[in-house]
Amino acid sequence: MVVQLNSNFTLKCSGDSEVSWQYPVTEGNHRIDIRHEENNSGLFVTVLEVGNASAAHTGLYVCYYNHTQVEDGEVEGKDIYIYVPDPDMPFVPSIPEDQFILVEEGDPAVIPCRTSDPDAQVTLVNSLDKPVYALYDTKQGFIGNFPAGSYTCKTMVKGVEFKSDEFLIYIIRATSQLPVEIEALKTVYKTGETIVVTCVVFDNEVVNLQWNYPGKVKEKGLIKLDDIKVPSQKLVYTLTIPEASVKDTGDYECTARHATKEVKENKKVVITVHDKGFVHLEPQFSPLEAVNLHEVKNFVVDVQAYPAPKMYWLKDNVTLIENLTEIVTSSNRVQETRFQSILKLIRAKEEDSGYYTLVAENEDEIKRYTFSLLIQVPALISALVDDHHGSAGGQTVRCLAEGTPLPDVEWLVCKDIKKCSNDTSWTLLTNNISDIHMEAHLDEKNMVESQVTFQKVEETLVVRCVARNDLGAVTRELKLVAPTLRSELTVAAAVLVLLVIVIISLIVLVIIWKQKPRYEIRWRVIESISPDGHEYIYVDPMQLPYDSRWEFPRDGLVLGRILGSGAFGKVVEGTAYGLSRSQPVMKVAVKMLKPTARSSEKQALMSELKIMTHLGPHLNIVNLLGACTKSGPIYIITEYCFYGDLVNYLHKNRDNFLNRHPEKPKKDLDIFGMNPADESTRSYVILSFENTGDYMDMKQADTTQYVPMLERKEGSKYSDIQRSVYDRPASYKKKSMSESEVKNLLSDDSSEGLSLLDLLSFTYQVARGMEFLASKNCVHRDLAARNVLLAQGKIVKICDFGLARDIMHDSNYVSKGSTFLPVKWMAPESIFDNLYTTLSDVWSYGILLWEIFSLGGTPYPGMMVDSTFYNKIKSGYRMAKPDHATNEVYEIMVKCWNSEPEKRPSFYHLSEIVESLLPGEYKKSYEKIHLDFLKSDHPAVTRMRGDCDNAYIGVTYKNEDKLKDRESGFDEQRLSADSGYIIPLPDIDPVSEDELGKRNRHSSQTSEESAIETGSSSSTFIKREDETIEDIDMMDDIGIDSSDLVEDSFL
């Protein structure tokens, strides 16, 4: 319908019930009147009148029944669209809300640029003034899918172009659902606090949200919007009510309406505001409680409080400490204002009786609840005593009983002892019986004391005391003996006590004797028992041959001062006459047992001698020079090492090392247990004469002229290696050296300087020595710096001085049964599985490196050998790099400490790795010195080579070609060393030939039981021509079971 500009028009609507009009709302559409008229026909009439019509009155007019209007403003009814053409206003004015258009992604949008003239021609342009093509409806505007942006409508009226208002299209992401959550930090407040309620709308960028709450009418409250897009889209509306009052109690509701769809969602929470805080207690038990002895009982009190209360328990007005062993208190929040406090008795005791109080308090109120607890204790007879009256014959029996509640006591008597097991033989005693008197009372300890007196006891009878309370009854019986029998029983009892004391004393003595540690050599020789070479047994050292040509006459040996002493033996300095042609007088070290040694210890020393003869000579082991086994105690004569053990040497030269290398700061010395600042109190362990055996100092005495082991020939001998007097940067990088530098490096002066290259030289020489032992199928089992000696020229010598070390008082050894083990140096398989192999020696070699490059520190500093230590080793714990080691050296240590033995490097490869860190000339000099040693007339060499005509020297060397192999292709021998994985057997005892035939068919096992069974598979007793009578006597004297010598798995 078209209405002329500035004219008036009227619209009338009638219906069966009340009706109303809905008309366009635009700027300038004033002068609209609506009135209701009465109709005689019963209809409801509403008239809408518009005066002076303008373009603003263009739009849709709807008449609708009042009862059909919905909350969002949409109505249904009769409508009519009115046009009011205005050449000066071709576009109907729009309100600001219409100029901002929200549309979901993918949905069509309506740009409401309506015209006042139904015949107007309208075009749509974007922000770049470029035309946009879309469907146009004069009643709605342009309809279509438009990109987000700014749009304007244009039309021409009588040659004049008109533009509409600018319309902004905003495309939003929204879901068809409207997830809404309402949250309140608290739902209970008190006056003056600030209420905070949050309404969160998820997955929608734009919503219409309204709050309804008690203070909204008074416009009380602040609303804040946070648009959060990461990690997900959500709109957070926060309502804050400061200075809350009781009137703010009520429902807090948020209603969210979808921006483009007819979807809405509302959530609410109830907020309560109290005048002040409160505390209410609701115990779940009575004020008087009884608990049986040893019962577990919980006492629960529910608490309602705001603010959150502090809760604690009192016992007899003394505060209970939380989480005691037997009384545990705990408090927890159940809901926002609901709490629970629990008092828990764990195995109730008598002393737990008393008054218990729960105190719950906050800043506004305090409440207490007290209850009485009684621990009910069953009746107990603490004493039943016979107080006889001497020769008068009367006897009184006293019965002390206790319990809660206090028990009643009654007496019964049985006169026929043989029938006392039958209850019918017992008679209840009362005061009415003649010659019997009974009485009861409470003593000072609140115990019931009851006694019965028998005026005359002529025969043996049994008296029973019965104590009974609510928890049950207990009985105790006492035999009354006539005075004539008592003296006889007293004598018998005394004899029996003395006999028991004697038996216990004997048992204790036997246990102490069995636990006494016994000397054993740590070195073991192994023999393959499987085709693939991966299974081995320990070879019984007593079955190794001993050539009598190693014998040295006792009158050619002069003993001197004691170098080291232990629980089983000692090592003394000696002078030997006639050991070699080049040195008719030679200083030596002599190992011997103490006079109190047992036969098993003599056998162990003889085993050590046979192993040393089996090994043969090498530059880097303490070589055997001779032995005295006949007509007296056993003496083992070995090389004398000038500088003593490596640990003591590193300790003494530590300051010298740090002065040479100032770039290595003198920082904490915790691993030595010393204060670096206190130079006045610093001392080093130097053991000589009768000492504790920790370390051995084999340096010459001031009053003794040192006798060199060999005269020098042509300037280079086996003792001439590694005298480091050079000044060189602290570096292990391999570099060439001149001949003069090599000579200086291998000089043999009296300097005791210590350098970084010295440490690497020690490392290399130990690897070569262990490579040699591995090639001889020898497992060391105690490789450590204390078992490495240093000879003249800084030659490293591997040894085993367990005999001369007091391992019972040495902290490096841990007791296990009848033996002591160096746990900190042992591989995990040796500690936990009793598995000793060349590869377990490799682990110990890694620990030795740590000792060297920490300048004699104790491994695992600050750690005790206990369950924590074992768990750390199992879980892969390894020591950190020592102060003076490079990354290359520490990498060698880590490889040695691989938890899988087969992945550890062999000693051959270790020698190659360390050699690569040394100057190239070093190995050439070392090999020359080693070959000179093998060609010399050193006693250890000549006995194996058989080229000496001395009466005391000379053993036909059955493997003459091996010496040539060493000279021509020394490294070829090393390739086969320590390459197998060994399954060990424990130390063994001799067995019979019958047992040997049964056992030697079994392979070795890793378990302790199997190890014991197969441990003697290579042991027999056959007298050989070269054995001494003393050897046979030592074996015959063994009086202990073979299992006593088995070394158990350490754990």
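Each position is counted from 1, following the chain as shown.
Placement of Cβ uses the backbone N, Cα and C atoms for every residue, glycine included.
Disulfide pairing as given by TrEMBL: among C13, C113, C63 connects to C13. Of the cysteines C153, C254, only one is given by TrEMBL as the disulfide partner of C199: C254. When you check TrEMBL, the disulphide partner of C399 from the set C414, C420, C465 turns out to be C465. Cβ packing within 10 Å was compared across the disulfide-bonded residues C63, C153, C199, C254, C399, and the lowest neighbour count falls to C63. Mean predicted confidence for the domain 'Ig-like' (179-270): the pLDDT average there is 86. Checked against C399 (disulfide bond), the disulfide-bonded residues C13, C113, C199, C254 differ in C-alpha distance, with C199 being the nearest. For C13 (disulfide bond), the nearest neighbour among the recorded positions C153, C199, C465, D782, Y926, judged by Cα separation, is C153. Residue pair C153 (disulfide bond) / Y926 (site 'Important for interaction with phosphotyrosine-binding proteins') shows a Cα separation of 102 Å. The CA atom of C254 (disulfide bond) is located 91 Å away from the CA atom of Y926 (site 'Important for interaction with phosphotyrosine-binding proteins'). Here C465 (disulfide bond) is compared against the recorded positions C63, C113, C199, D782, and the shortest C-alpha distance is to D782.
The CA atom of C63 (disulfide bond) is located 24 Å away from the CA atom of C113 (disulfide bond). Here the candidates are the recorded positions C113, D782, Y926, and by Cα distance the one nearest C199 (disulfide bond) turns out to be C113. DSSP gives Y926 (site 'Important for interaction with phosphotyrosine-binding proteins') a helix state.
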